[in-house]
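The transmembrane segment feature in TrEMBL is assigned to 5-27, 39-65, 77-98, 110-130, 137-156, 162-182. The domain 'Peptidase S54 rhomboid' annotation in TrEMBL covers 37-183.
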Amino acid sequence: MINILIVGICIAMFIISVFMPQLYYYFALWPNLFTNMPWQVITSIFMHAGITHLLVNMLVLFIFGTYLENIVGSKKYLIIFLFSGIIGNLAYIAYAYFTGDYNPSVGASGAIFGIMGALAILAPHLRVVVFPLPIPVNIRVAVIIFALIDLILLPYSLKTGIAHITHLAGLITGLIFGKLLYRKMDVRYY
């Protein structure tokens, strides 16, 4: 399964970067260096800033990614993952130029938000736990909660150190892919 491979790549990149910290410079997304290092819109998806960042992202990716891959298949899953991450990163670059915040960005969050967006369309009855709520909620409710949080915190991205625009752009990308696939698939089972 592609999702397991992606999780493995993220873990491997994290371990390698611990021993070779200079990889962060070449593989993290530096908005002001994008024209010189365009590969960073892809490589930064597989890099993570710390062990907590890695573990949380990989747990969420493993759960939601596996579920989505089982619905759409490996090829379509990979397309959704990569496009959501890339579009999220391009939005981050645009936002950086707009705000003057050129801090580097790493992580699979944009891609993960894209996966959640696709699931909100393709598996609308899926129930998930949104920390710290003690009860499961519909995936669509969870997506709305996360989107509202990111919208509220967007102006504070520099202070929070979180690329909220990447989450939102990844989510929108996933919603679009979900809609496109929904029209082509019989998804009533999910």
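Using the three backbone atoms N, Cα and C, a Cβ is placed for every residue, glycine included.
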Recorded stretches the transmembrane segment (110-130) and the transmembrane segment (5-27) touching, at least 3 CB pairs under 8 Å: no
Chain residues outside the transmembrane segment (77-98) and at least six past its termini with a C-beta under 8 angstroms from it: 2-3, 6, 29, 31-32, 34, 40-42, 44-45, 65, 68-69, 105, 108-115, 117-118, 157, 163, 165-174, 177
Residues of the parent chain within Cβ reach of the transmembrane segment (39-65), under 8 Å, 6 or more residues beyond its termini: 3-4, 6-7, 9-11, 13-14, 17, 23-24, 26-30, 33, 77, 81-82, 85-86, 89-90, 93, 104-112, 115-116, 119
Residues of the parent chain within Cβ reach of the transmembrane segment (162-182), under 8 Å, 6 or more residues beyond its termini: 72, 76, 79-80, 83-85, 87-92, 94-95, 105, 107, 109-122, 143, 146-147, 150-151, 153-154
